[in-house]
Amino acid sequence: MNFLLCIFKGVYVIKLIQRFFKLESAGGILLLFSAVVAMLLANSPLSNQYNDFLNLPVSLQIGSFSINKTLIHWINDGFMAVFFVLVGMEVKKELFEGALSTYQQAIFPAIAAIGGMVIPAVVYWFIAKQDPSLANGWAIPMATDIAFALGIMALLSKQVPLPLKIFLLALAIIDDLGAIVVIALFFSHGLSVQALIFSAVAIIVLILLNRFKVSALCAYMVVGAILWASVLKSGVHATLAGVIIGFSIPLKGKKGERPLDDFEHILSSWSSFVILPLFAFANAGVSFAGIDVNMISSPLLLAIASGLIIGKPVGIFGFSYLSVKLGLAKLPDGINFKQIFAVAVLCGIGFTMSMFLASLAFDANAGESVNTLSRLGILLGSTVSAILGYLFLKQTTKLS
C-alpha cells in the first residue's frame with residue numbers, strides 16, 4: 001500500500017512539474033528562484049563553498065589548443081554565447097518575417113529602444129560623473145532582461161493585448177541588438193590578429209553553409225564551436241560569436257524545412273530553464289556582509305538604479321511619444337500611451353543582462369566593493385521596475 005502511495009505521489013509531482021514548465025511565466029519564475037538561492041547562499045555559512053564552486057578551474061584542451069577559465073567565466077563566456085545564438089535567431093526571424101520586417105512595423109519600437117538605451121546611459125553618467133573609475137559602467141542600465149519582463153507580463157497574459165506583447169518583444173530584440181553593438185565596440189580588448197583570421201574563416205564557412213541552405217544543425221554547431229573559441233582567443237567578446245551563428249542558420253532549407261525554427265525550439269527551453277537561471281545563480285550572489293546604510297548613497301548604486309527606474313521609462317516613453325507627435329512613427333493599433341508607459345517601466349528590469357554588462361564593465365580588478373555595489377544597484381533597480389511595471393500594466397490593461 002505504501003509502495004502504491006509513493007508511486008501515486010511521484011506521478012502527481014511529475015505532473016505538477018510538467019504543468020509548471022508549460023506556464024508562460026515559468027522562465028521568469030525560475031530566474032527569480034535562482035537569484036534568490038544565490039543570494040541566500042552568498043549570505044549563509046555556505047558562502048565560501050558557493051564562491052569556491054564558482055571559481056573552480058575548468059580547462060579544455062585539444063592538442064596544443066587550450067582554454068583555462070573558472071566556472072563562472074565558462075558560464076559568462078560560454079553559456080551566454082549559446083543564449084546569444086538564440087538572440088541572433090530571434091532577431092533574424094523578426095527582421096525577415098516578423099515584427100521588424102517592414103519599416104512601419106520596425107520604426108516605432110526602434111525609436112523607443114534608442115530612447116531606452118540613450119537616456120539610462122545619460123542618467124548613469126550624470127550621477128556617476130564625479131568618480132572617473134565608474135565611467136565604464138554607463139552601459140549597465142541600458143539592458144532589458146526580456147525573460148523577466150515577459151515573465152511579469154505573462155502573469156497578466158489574459159488581459160494584455162497582443163499588440164502590446166509584440167511591442168515589448170520587438171523593443172527587447174532591438175535592445176539586444178544595441179547591447180551587441182556596445183559589447184563589440186566598447187568591451188573588446190587586446191585583439192589577436194591570428195585568432196581574428198581563424199574567426200573570419202569560420203564566418204565564411206557559416207556564410208557558405210547558409211548560402212547553400214544546409215539544414216544539418218550539427219554542421220553549424222561544429223563550425224560555431226570553432227568560431228566561439230577563435231573569437232574568445234581574439235579579444236572580442238565571445239558572445240558575439242553566438243549572434244553570428246544565430247544569423248547564419250537559414251530560415252528555410254532546400255526541401256522547405258525550417259532549420260532556424262527547429263534550432264530555436266531546441267534552444268529556447270535550454271535558454272529559459274538552464275542557461276539564464278544558471279547565469280543568475282552565478283552572478284546574483286551578492287553578499288550583504290559589511291554593507292551599511294551609507295552604501296545606499298553610493299554614486300554607483302544610485303546611478304545604476306536610477307538609470308533602470310527613471311532612465312528606462314523616461315527614454316522609452318519619451319522617445320515613443322515624440323516619434324508619434326512628430327509624425328515619425330504611428331502608435332500600433334489596439335494599445336495606448338498609458339500601456340506604453342507601463343511597458344517602459346517594465347523594461348527597467350535589467351537583471352541578468354545588466355549583470356552581464358556589469359561583469360564586462362567592472363572585472364575582478366575593479367574591487368569587491370565596486371562589483372557588490374553594481375549588483376546591488378541592478379537588483380534594486382530591477383526589483384522596483386518589476387513591481388511598478390506589474391502594477392502599472394495591471395491598471396492600464398484593466399482600464400482598456
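Cβ from N, Cα, C; glycine included.
Remember, it's a predicted structure, so these values are computed and weren't measured experimentally.
Listed in Swiss-Prot:
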- 26-46: transmembrane segment (TRANSMEM)
- 71-91: transmembrane segment (TRANSMEM)
- 107-127: transmembrane segment (TRANSMEM)
- 137-157: transmembrane segment (TRANSMEM)
- 166-186: transmembrane segment (TRANSMEM)
- 189-209: transmembrane segment (TRANSMEM)
- 212-232: transmembrane segment (TRANSMEM)
- 233-253: transmembrane segment (TRANSMEM)
- 273-293: transmembrane segment (TRANSMEM)
- 299-319: transmembrane segment (TRANSMEM)
- 340-360: transmembrane segment (TRANSMEM)
- 373-393: transmembrane segment (TRANSMEM)
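Proximity of distant same-chain residues to the transmembrane segment (373-393), defined by a Cβ-Cβ separation under 8 Å and at least 6 residues beyond the stretch ends, is recorded for 35, 137, 140-141, 145, 148-149, 152-153, 155-156, 160, 283-284, 286, 291, 295, 298, 300-309, 312, 338-339, 341-343, 345-351, 354-355, 358, 361-362. Between the transmembrane segment (107-127) and the listed ranges 71-91, 299-319, 340-360, the one holding the most Cβ pairs under 8 Å is 299-319. At the 8 Å Cβ threshold, with sequence separation of at least 6, the transmembrane segment (233-253) lacks contact with the transmembrane segment (299-319), having fewer than 3 such pairs.
Proximity of distant same-chain residues to the transmembrane segment (340-360), defined by a Cβ-Cβ separation under 8 Å and at least 6 residues beyond the stretch ends, is recorded for 31, 35, 76, 80, 112, 116, 137, 139-149, 152-153, 164, 167-168, 171-172, 175-176, 179, 182-183, 187, 237, 276, 279-280, 283-284, 304, 308-309, 311-317, 320-321, 331, 371, 374-375, 378-379, 381-382, 384-386, 388-390, 392-393, 395-397. Sequence-distant neighbours of the transmembrane segment (166-186) (same chain, 6+ residues past either end, Cβ-Cβ under 8 Å): 84, 87, 90-91, 94, 99-100, 105-106, 108-110, 112-114, 116-117, 139, 142-144, 146, 149-150, 153, 236-237, 239-240, 243, 316, 332, 335, 340, 343, 346-347, 353, 357, 360.
Of the candidate ranges 137-157, 212-232, 273-293, 299-319, 273-293 contributes the most Cβ pairs within a distance under 8 Å of the transmembrane segment (71-91). Same-chain neighbours of the transmembrane segment (212-232): 65, 67, 77-78, 81, 85, 195-196, 198-199, 202-203, 205-206, 238, 240-242, 244-245, 248-250, 252-255, 257, 259, 262-263, 266, counting only residues six or more beyond its ends whose CB sits under 8 Å from a CB of the stretch.
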